[in-house]
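Asks: Marked as Cu(2+) 1 binding site by Swiss-Prot on the basis of similarity to another entry: His54, Gly55, Gly56. Annotated Cu(2+) 2 binding site per Swiss-Prot: His62, Gly63, Gly64, in sequence order. Positions annotated as Cu(2+) 3 binding site by Swiss-Prot, on the basis of similarity to another entry: His70, Gly71, Gly72. According to Swiss-Prot, the Cu(2+) 4 binding site annotation covers His78, Gly79, Gly80, on the basis of similarity to another entry. What Swiss-Prot lists as compositional bias 'Basic residues' is 91-102. Under the heading N-linked glycosylation site, Swiss-Prot lists Asn174, Asn190, citing sequence analysis as support. Annotation source Swiss-Prot lists repeat '1' at 44-52. Swiss-Prot lists 53-60 with the feature repeat '2'. Feature annotation from Swiss-Prot assigns repeat '3' to 61-68. Residues annotated as repeat '4' in Swiss-Prot: 69-76. Annotation comment: Swiss-Prot describes 77-84 as repeat '5'. Taken from Swiss-Prot, the feature signal peptide applies to 1-15, supported by similarity to another entry.
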Amino acid sequence: MLVLFVATWSDLGLCKKRPKPGGWNTGGSRYPGQGSPGGNRYPPQGGGGWGQPHGGGWGQPHGGGWGQPHGGGWGQPHGGGWGQGGGTHNQWHKPSKPKTSMKHMAGAAAAGAVVGGLGGYMLGSAMSRPLIHFGNDYEDRYYRENMYRYPNQVYYRPVDQYSNQNNFVHDCVNITIKQHTVTTTTKGENFTETDVKMMERVVEQMCITQYEKESQAYYQRGSSMVLFSSPPVILLISFLIFLIVG
């Protein structure tokens, strides 16, 4: 028994002193001409530890720290500081740009919609350009050939802000021609005196149509309010509510 114990103890001592061929963090990361025959050299010359395809530490494809594919700090794909991909990538946890909601992008200008930046003016619905005779063949033909260049919508304010139709139409014509001229001029198209003359006639007719439409809607709303605010109607509605609740 004593002899067996001594032999076992001697074998353990020899195992501890025996150098290991590679392994994690052994042999150093040497470049060509600086390594020993089994060290961690680059280019690879064999003799690496377990999991070392090219003579690096455990999990080191080309020699470097744990989790380093090409050498560098922890989490560095190509060298650099923590969370830096070789200085070419954005830093970790950089907040992404907020996505624009589709709700904020939707909605073209609708009839009666308030136009921003025009001081409370609204944009009317599209109309067919009226057929107008200007008294001579040249202008009539010119209008037919160029009517598509003129507005088919008008800008206006609510009718209750004007004392009469003439004031509404005058303001409507001025703001509509001004906006259309500025918008079209920025696109490189200019208007002649003939164009302005014809636009005034066309837009005037459209503003009159818009006034009649808005006036009718305004009076209908007023009539509805008067109807529902009259005492008999209020009494009838109250009685119906009492029957439903009771």
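Placed from the backbone N, Cα and C atoms, the Cβ positions cover glycine too.
Map these features onto the structure and tell me what's around them.
Replies: Neighbour list (Asn174 (N-linked glycosylation site), Cβ cut-off 8 Å, at least 6 residues apart, same chain): empty. Look at Asn174 (N-linked glycosylation site): DSSP puts it in a helix.
Note: Asn190 (N-linked glycosylation site) has no non-local neighbours, i.e. no same-chain residues 6+ apart with C-beta under 8 A of its own C-beta.
When averaged over the repeat '2' (53-60), pLDDT in the model lands at 46.
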